[in-house]
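Positions annotated as GTP binding site by Swiss-Prot, on the basis of sequence analysis: 10-17, 57-61, 119-122. For 201-278, the entry in Swiss-Prot reads domain 'KH type-2'. Residues annotated as region 'G1' in Swiss-Prot, with sequence analysis given as evidence: 10-17. Annotated region 'G4' per Swiss-Prot: 119-122, in sequence order.
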């Protein structure tokens, strides 16, 4: 069978996670319209009788403002090493500028063959897409093809998957056929909660939040009890997350619980607590150990 690892590279908010979800035909990765939603490297496994593709979703490559951002970029760049193929993704509407050139440099340095992906083509005209294609072909030294996609409309994703499979080697099956990610339930829960915070809050709030699952335990009545802490930088942010009379934390909790119940196939009691850890985004221990960046850089 055809098997291999396929890393995604691109600046924040080009639709890398949405693209993977569209290709595998289910929501595995959290998504939002805000940049830097993805913080960790996540393997998404797509298996059939003929192939197993392991998509390595990565944080957007950007110039960081905090230590957290530095580790995110390290995780993204390290993911480009040792894979069989790279999908270099750009946003058709944003075009190609300095941030894209920054990404292209890292991709070229990896010496790994790449497929250029022009995503969000539904937002621009054909002429602009053709111009972007020519630039990508010129700037990406190991580019084997360019594919035009719209992840939200599921356009071009089948063509992209076919091209990926065509360029993967014959090899062993790395993961069981029913496995869709190598991340544990605690990680998936923290990501779902964080996605809801991204959805319901604005400006700096989503980026100032870390979600750490402290306990997962099945109770005697069969309900899965999950306790998680939501960490923020400042007391004012804590007040926004909790909301007037607890309305915001209730909304976040209800929406997250519904998705977690779908994930585990059973009833869930989600116990959320909001705590302040000042300047946590610049503290190495929290970033490396509690958020798991240490493993992302080593993988």
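Heads up, the Cβ atoms here are built off N, Cα and C, so glycines get one too.
Shown on the structure are the features that Swiss-Prot records.
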{"residue": "10", "record": "GTP binding site", "DSSP (3 states)": "coil"}
{"residue": "16", "record": "GTP binding site", "DSSP (3 states)": "helix"}
{"residue": "58", "record": "GTP binding site", "DSSP (3 states)": "coil"}
{"residue": "121", "record": "GTP binding site", "DSSP (3 states)": "helix"}
Here the binding-site residues are 13, 58; the one whose Cβ sees the most other Cβ atoms within 10 Å is 58
Checked against DSSP, the composition of the domain 'KH type-2' (201-278) is 33 helix, 27 strand, 18 coil
Counting across all protein chains, other CB atoms within 10 angstroms of the CB of residue 121 (GTP binding site) number 22
Averaging pLDDT over all residues of the domain 'KH type-2' (201-278) gives 95
Across every protein chain in view, the count of C-beta atoms other than its own within 10 A of the C-beta of residue 16 (GTP binding site) is 29
Neighbouring CB atoms within 10 angstroms of the CB of residue 10 (GTP binding site), all protein chains considered, total 25
